[in-house]
Amino acid sequence: MGERANDGIFDAPQGDTSKTTAPPPPRRGHGLRPFSGMISDVKARAPYYLSDWTDAWTYRVVPATAMIFFANVLPGIAFSLDLIETTSQYGVTEVLMSSFMAAFIFSVFSCQPLCISGVTGPITVLNKTIYDILKSREDAPEYLHFIGWVYLWAAIMHWIAAAMNAANFLRYVTRFSCDTFGFYVAWVYLQYGVQVITRQLPMEDSSSVFVSIILALTMLATGHLFGILARSDLGHRVVRRFFADYGMPISVVVCTGLAYWGRFNLANPLTLPTSGAFSPAGGRPWLVKFWELDGKWVGIAFPFGFVLFILFYFDHNVSSLIAQGSEFPLRKPPGFHWDFFWLGISTLIAFVAPNSFLSETLLTVERFRGLLGIPAPNGLIPQAPMHTESLVIMGVRRKGDVEKSSTSGADQREGYELHEPQNYEPHQSRDVTETSTLIEEHPIAVVEQRVSNLTQGVLCLVLMTGPFQRFLGLVPRGVLAGLL
């Protein structure tokens, strides 16, 4: 993070931290000079690469990893339910593989490691729409062959756009545009959450449906309750921060356990459909022979690839913009051009990627070949800003320091107290006069690092193993509906 805590006092940024402005997005390339934006991004971010790893040795990374793991994986799996039941081409394993791939690429190679990437609603809607269009054709090609070429065309467009500094146009994207797109994504989440329940209505066993509804409402209420408590003035600030950090994981675990308690267990609510360890949906091989697609369909895939490119251009970059909003006191520079280039690579890897992991012992990786039929990942809303928010370090300012700064006409760098858990003091130990001089908390820093993103991706890979696949098979669909 650059500066470190010293005896409980953190050097805050100059000026009013409540109005700290994020680095201006994006760094402007030199007109149409190819690769100038990418080169500028790398030069600006490279000096911070080592600190991106060393700054992770702080407690804030632990709750951020736990929170973003549940917030990223479970909604992605919930979206996959629609693809599983309609296309039979995707499954839980594919979503987990896509999340791991995105986390590895953007935590190791990107200039904006705080931006969380994975499977989200818009790409799910696009994949399903393409499937519905192809299904209406009598001479329809193999779905995964066609979608692979869609990804390939989109990847090529990503690289061209990154090379020609297309991210410069993001300077004209306002907060209103970001909020509007965020509203659309939120509506997709709400729609899919309701659909998870409504798809169970035709079941003969109505008790299972009612239990799913109860679990969904319980999950929704519990999650919001933790959020309300975290934002309230009730209790000690340590307890409130604990609710904010671990409210979501606790809600998921408790509601999942509730499904197996008493008469709820007798209702046998629907759970996630899982497959074997590292096995794709339907037992199909990882290798998809995309080269067998007819040339006519290769050309037809091009406009769909353009639609995917436009979607990712806006979705991923807006996710990055919101994750680096002015409300977060970030200090390290962004890199929109460079990251968009790597988004194209991740889209390509969803097309051309390893075919192995097929050994029963999982000790060897045979060779790299073929098409890995997985959904293409991109920046996530609201997970990306949630990740940044969970890494914020809060501090309080003493009233005397604020009054002094107002009389001198400049904010002081002193007077900010670090509120990491190891530095908390019980209210009883604080002098009454000192307590009365404190005002509300302010964000004073963000733990800008790469470890939390990488760790949650590795956990996705762990979930693909046999024992954890059985564990995922215990999660009721109603819990996922409430989470959405």
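Cβ from N, Cα, C; glycine included.
Residues or ranges marked as compositional bias 'Basic and acidic residues' by TrEMBL: 411-433.
Residues or ranges marked as domain 'Bicarbonate transporter-like transmembrane' in TrEMBL: 33-196 (among others).
Here TrEMBL flags 198-349 (among others) as domain 'Bicarbonate transporter-like transmembrane'.
What TrEMBL records for 1-33 (among others) is region 'Disordered'.
Annotation comment: TrEMBL describes 400-433 (among others) as region 'Disordered'.
Residues of the same chain lying 6 or more positions beyond the ends of the transmembrane segment (57-79) and with a Cβ under 8 Å from any Cβ of it are 92, 95-96, 98-99, 116, 118-121, 124, 189, 192-193, 196, 245-246, 248-249, 252, 272, 380, 383, 386-387, 390-393, 420-422, 447, 449, 451-453, 455-456, 459-460, 463, 472, 475, 477, 479-481, 483-484. What TrEMBL records for 57-79 (among others) is transmembrane segment.
The annotation transmembrane segment is assigned in TrEMBL to 100-123 (among others). Outside the transmembrane segment (100-123) by six or more residues, the chain places 41-42, 44-45, 52, 68, 72-73, 75-76, 79-80, 184-185, 188-189, 192, 308, 311, 315-316, 319-320, 323-324, 333-336, 338-339, 342-343, 345-346, 349-350, 353, 374-381, 383-384, 386-388, 391, 446, 448-451, 453-454, 456-458, 460-461, 464 with a CB less than 8 A from a CB of the stretch.
Annotated transmembrane segment per TrEMBL: 143-160 (among others), in sequence order.
According to TrEMBL, the feature transmembrane segment maps to 210-230 (among others). Same-chain residues lying 6+ beyond the ends of the transmembrane segment (210-230) with a Cβ under 8 Å from its Cβ atoms: 193, 196-197, 200, 240-241, 243-244, 247-248, 250-252, 254-255, 258-259, 264, 267, 269-270, 476-479, 481-483.
When Cβ-Cβ distances below 8 Å are used as the criterion, the transmembrane segment (242-262) is approached by residues 63-64, 66-67, 69-71, 74, 211, 215, 218-219, 222-223, 226-227, 229-231, 269, 390, 474-476, 478-479, 482-483 of the same chain, each at least six residues removed from its ends. According to TrEMBL, the feature transmembrane segment maps to 242-262 (among others).
If one looks beyond the transmembrane segment (297-314) by at least 6 residues along the same chain, the residues whose Cβ comes under 8 Å of a Cβ in the stretch are 122-123, 126, 130, 141, 145-146, 149-154, 156-158, 161, 166, 181, 340, 343, 347, 376, 378. The feature transmembrane segment is assigned by TrEMBL to 297-314 (among others).
Tertiary proximity for the transmembrane segment (335-353) is limited to same-chain residues at least six positions away from its ends with a CB under 8 Å from its CB atoms, namely 25-27, 29, 37-38, 40-42, 44-45, 98, 101-102, 105-106, 109-112, 115, 117, 148-149, 151-152, 154-159, 161-163, 165-167, 170, 290, 308, 312-313, 316-317, 320, 368, 370-372, 374-379. Per TrEMBL, the feature transmembrane segment maps to 335-353 (among others).
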